[in-house]
Amino acid sequence: MMYALYLSAYHERKFWFSNRQELEREITFQGDSAIYYSYYKDMLKAPSFERGVYELMHNNKTVSLKTINAVQQMSLYPELMASVLYQATGSNEIIEPVYFYIGIVFGLQGIYVIALFVTSWLMSGTWLAGMLTVAWFIINRVDTTRIEHSIPLRENWALPYFACQVAALTGYLKSNLNSYGERFCYLLMSASTYTFMMVWEYSHYLLFLQAISLFLLDSFSLEQSDKVHEVYKIYIFSLFLGYLLQFENSALLVSPLLSLVVALMLAKCLQLNVKRGTFVAKIMKVISVYLVCTLTVTLNIIMKMFVPHKENGHMLKFLEVKFGLNMTKNFTMNWLLCQESLQAPSQDFFLRLTQSSLLPFYILVLIICFLSMIQVIFRRINDKSLKETVTLEDGRIGERPEIIYHVIHTILLGSLAMIIEGLKYLWTPYVCMLAAFGVCSPELWMTLFKWLRLRTVHPVLLALILSMAVPTIIGLSLWKEFFPRLMTELMELQEFYDPDTVELMTWIKRQAPVAAVFAGSPQLMGVIKLCTGWMVTSLPLYNDDDLLKRNENIYQIYSKRSAEDIYKILTSYKASYLIIEDAICNEVGTMRGCRVKDLLDIANGHVVCEEGDKLTYSKHGRFCHEVKINYSPYVNYFTRVYWNRSYFVYKINTVISFQS
């Protein structure tokens, strides 16, 4: 609750939210966030819930010449639930819609840290670990969450449910859990898995990584095999229920998660009753792993052959270019590669984690747990018997199934985060949790002392002392260094001031015809849709090939193309107004070749792309510059109707008058 209140207070200080008009508040939602919130507004304006859902499912008032099922394409289930709760609870008489909406998201972030707290507590056995987890999470929130930058993002709705699922899974995997606790964890895991899958379209990829972790755990820890296969059943149930309730979403049927789980189920059915510990059993284990991998790939290929689905071709091409397997001049691919969130993590990221002492302790804990896990694996290979109940004196933290799972899972997530910085928001929260668990766990310190063969001091006593002293020292140092900074952030009044955008939205609402269609950058189109409700030609969404193509075509207004070419592109989408953004037209990028106009020139062949390519000059000037000069042929196609320091609005002429 304190964390949710902290986020609310910080948001208020950052934007002066309570002192602004509705239009100024809505402008704080940028890009795709504006689209999500605009549909929440549409649901509240609908005469009934059923009518609102129907209009979203058959939406032809957002993108010109295109009818979309917005609920399916944009995963609007959070907005549907928020609108129902707002009206059903009578909150419309107490609180404004925007406060109710962001309040739900902030509340979910509170649940997020609760789940991390519980997970760390379950693993270490002490609440100190939970407190340290939350402290590290909040201090490193620049790298643990994107809630400050964009509230309505799907991941801000989804990741709290995934954290609850991980907490329930951690409890479920514990060896000493009673039947009531096991049943509770199973039910919580089922509910959170299904909810997570419903609110985020990429959830099945994250669950696929989790399934791989459980598969490897099953391979190393035979005692938990039945529990692991119960989790697989939850995946199957969630996938098929999600498929039915997400308008027969074929992406779930062709997902690697379904192929892997089905392969694991088939492999279990084919397992023979071979005596454990024999050479034949070891060979069968290797064959089983090979069979699962082969079946997964085969089933996925077969499903894609027979199930009609929209192939995410742009994602595959992006990965090819990202890993250097291919080269391209395509604008969309190069634009994605230039996004900071899709590049490798910067040195600043590791420096921030080191300054808060998180990264050094995480590496220490990970190394100890990983080496202990390897020891356990070799014991199994060498047929050495394992104790049914591991005590503190044994110093074998790697024998606990929940520890094995978390070690594998954090390695998989960390490997992806090292490639794409945007994935750090999936990895860093569990870095906080694992590091806090380790320093607060006497078992981890005892494992280390067993390896060091400590004799001078009783190792159990020293482990107990360190498990309390180390987190206490870390907590005091974090309090001394970072608590004043957090308080300063809450006391410091920031200001979000964008008068040019406010003036533009006001002009559109007062002067533009109701049937007008606006063309411009996708980010601006999202804000126009939210603030005015007018139809646009493109949206800042990157999961639809048609929208990606539209975005690339509309961006041509910043290229070296003729007035006639631009006019034909815009009229093909029935655009009636064009908005030129000075920030894009005169952009001074920090990365060479990553400005929008540079990427367009590369795609259009107007500059050298790679060695050996021929230099091609365009006989036309850059459109966004030329159209401002008001000379023929530009004035024949476009008439300037509004401008300020940041935006130039042109009416697209329906009757072309050629003047000399």
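Here the Cβ of each residue, glycine as well, is placed from N, Cα and C on the backbone.
Pulled from TrEMBL, these are the features on record:
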type     : residues : note
TRANSMEM : 98-115   : transmembrane segment
TRANSMEM : 121-139  : transmembrane segment
TRANSMEM : 184-200  : transmembrane segment
TRANSMEM : 253-274  : transmembrane segment
TRANSMEM : 286-307  : transmembrane segment
TRANSMEM : 359-378  : transmembrane segment
TRANSMEM : 403-420  : transmembrane segment
TRANSMEM : 426-448  : transmembrane segment
TRANSMEM : 460-479  : transmembrane segment
Looking only at residues six or more beyond either end of the transmembrane segment (286-307), which have a C-beta under 8 A from one in the stretch?
215, 219, 250, 253-254, 256, 258-260, 262-264, 266-267, 270-271
By Cβ distance under 8 Å, which residues at least 6 away from the ends of the transmembrane segment (426-448) in the same chain are close to it?
112, 116, 119-120, 123-126, 128-130, 132-133, 136-137, 140, 143-145, 159, 163, 166, 206, 353, 358-359, 361-362, 364-366, 368-369, 372, 392-398, 400, 406-407, 409-410, 413-414, 416-417, 459-460, 462-464, 466-468, 470-471, 474
What else in the chain is close to the transmembrane segment (253-274), if you only count residues 6 or more beyond its ends and a Cβ gap under 8 Å?
204-205, 207-208, 211-212, 215, 218, 229, 232, 235-236, 239, 243, 280-281, 284, 288, 291-293, 295-297, 299-300, 303-304, 307, 309
Cβ contacts the transmembrane segment (460-479)/the transmembrane segment (121-139), at least three under 8 Å, sequence gap 6 or more:
yes
Which sequence-distant residues neighbour the transmembrane segment (403-420)? Criterion: at least 6 residues beyond either end, Cβ under 8 Å.
123, 169-170, 173, 209-210, 212-214, 216-217, 220-221, 322, 341-345, 366, 369-370, 373, 376, 397, 426-428, 430-431, 433-434
With a Cβ cut-off under 8 Å, give me the same-chain residues at least six positions beyond the ends of the transmembrane segment (121-139) that come close to it.
3, 6, 113, 167, 170-171, 174, 356, 358, 402-403, 406, 429, 432-433, 435-441, 467-468, 471-472, 474-475, 478, 482, 486
Would you mind listing the long-range same-chain contacts of the transmembrane segment (184-200), meaning Cβ under 8 Å and 6+ residues beyond its ends?
75, 77-78, 154-155, 157-158, 161-162, 164-165, 167-169, 171-172, 177, 207, 230-231, 234-235, 237-239, 241-242, 245-246, 252
